[in-house]
Amino acid sequence: MAETKFPKRRAFAMQKPRKTERTESPRRTERQRAADKRRREEARAMGGYAKGPKTPEKRMTALQPGQVRITGLIVDELTRALGVILKLDGPADVLMKLFFRSNPRLGMRDRGIIAEGIYYALRHLGTLSWAMHPVPPARAPRLVALATLARQHGIESLPPASIGREEGPLKNVLAADFSKAPPHIQAELPEWIYSLLEAQYDDTKELYASMLEGAPLDLRVNLLKASREEVLQELAANGVEAYPTPFSPDGVRLPTKPGLTQWPIYKEGKVDVQDEGSQLIARLLTPRRREMICDFCAGAGGKTLAIGALMRSTGSLYAFDVNEKRLAGLTPRMRRAGLSNVHPIAIRSERDERIRRLQGKFDRVLIDAPCTGTGTFRRNPDLKWRLAPSELDRINKIQKDVLEHASRLVKKGGRMVYATCSMLRRENQEVVEAFLEAHPEWHLVPAADVFAQQGIQFDASQWERFGSYFQMLPHVNSTDGFFAAVLQRD
Ligand SMILES: C[S@@+](CC[C@H](N)C(=O)[O-])C[C@H]1O[C@@H](n2cnc3c(N)ncnc32)[C@H](O)[C@@H]1O
């Protein structure tokens, strides 16, 4: 995904409990304390699994419009969060974490409503901005907060005292007729991204609708430590709804998002969080035991871990990345996963001297290239507003450079997979086509054949649409929009 500037740690000032908060909920009541105790005991009895609607996302699934009581505190705090996040000068997920950390007394229910409000506002920033014109949303976060909560839960759920002087503007925003808005606004996209997607896809209506939804939680079972059946049985025994993913043989899909990191199966390294599309890209590389493999843009190692497990922790798996901090996240993850074949190496650039020394040495190389991340708008809705066309040009150049230099690592007869989490041809097919034109000693291997050899079957329409390439789409496959091409050196 695109490189982003990290927001300042002090983006949000620490909040002291306010008078209103103290009067509304002075302390936990007897009943609340008894419920807390019961939950703790139940979780202990279940070996660490917490039952019930604990996380914001899970809690929100039960909320129906008109059934949620929005307090003044929620309106104020959502306003405070949006006041920073709508400036769009840092990743929203990082800013959200800083916001909630600055406000430790905020209850679970309020956190859930505020988190959903932030995501809703970012997903629908096109229509919100259009309805508020000429006032930029970042300048009027209270109006955005009120309009968001009213669109989600109904205007009657808002406390009249919180609306105050915003009553007129709020009614105008809510009355906006979006059928009169330009098509890119109706799609909740910037015009330039809308135009690129329109030029490529026939079913954009469904695609845009899917990009406004939340993504499911996909887990990858670490086959070194457990089988998928074992994990599914353990989840079922603890009352957690989960299904096998439709294509990835090691994947498990959870419709809700429980507090996974406290679960025994997570702590013991039996599962990791990984979108099904990402799992399939590791499979496309067909890693084998005792091979020499390189994950060129390893980041914090999502795909490295999947590749290492498919190699059964044998051979050598080099994990390169220019971002040392991100790569540092891989070491604890590989320990937890029980992998001893991974060598994380921070490189200066794709032209690093150490890479030159390794030329022609690898059986397989994965290039999970930096990209615009257009395939991840469900999870990162702020990204669509923070991207600029110049960023696509900049990233495109890096993609071509990285592919060129990483390809030199592959030995004769070896393979590489070029992948992105983008749905744009310019970062995908066009990069690969330019490479193949300049390198006749390489050829494209049909992704369908590589999957078929592993017993993974897609609908024929998948290949009719994308030929030898692999492109997952949120509205077709319920995954992020991953792309991959398998290339073989003659
Ligand atoms: C899409 S992310 C990788 C995600 C990772 N493979 C995973 O599955 O979690 C792309 C990575 O490319 C790295 N990168 C950017 N430029 C690079 C370069 N010239 N050489 C190597 N890595 C680079 C970025 O730091 C980023 O971590």
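Even glycines carry a Cβ here, placed using N, Cα and C.
Database features, via TrEMBL:
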type: REGION; residues: 1-59; note: region 'Disordered'
type: COMPBIAS; residues: 7-17; note: compositional bias 'Basic residues'
type: COMPBIAS; residues: 18-44; note: compositional bias 'Basic and acidic residues'
type: DOMAIN; residues: 207-490; note: domain 'SAM-dependent MTase RsmB/NOP-type'
type: BINDING; residues: D321, D368; note: S-adenosyl-L-methionine binding site
type: ACT_SITE; residues: C421; note: active site, nucleophile
For the residue listed as 'active site, nucleophile', just count the other CB atoms lying within 10 A of its CB, please.
27
Please work out the mean pLDDT for the residues of the domain 'SAM-dependent MTase RsmB/NOP-type' (207-490).
97
Coarse DSSP state, helix versus strand versus coil, of C421 (active site, nucleophile):
coil
Kindly assign D368 (S-adenosyl-L-methionine binding site) to one of the three DSSP-derived states: helix, strand or coil.
strand
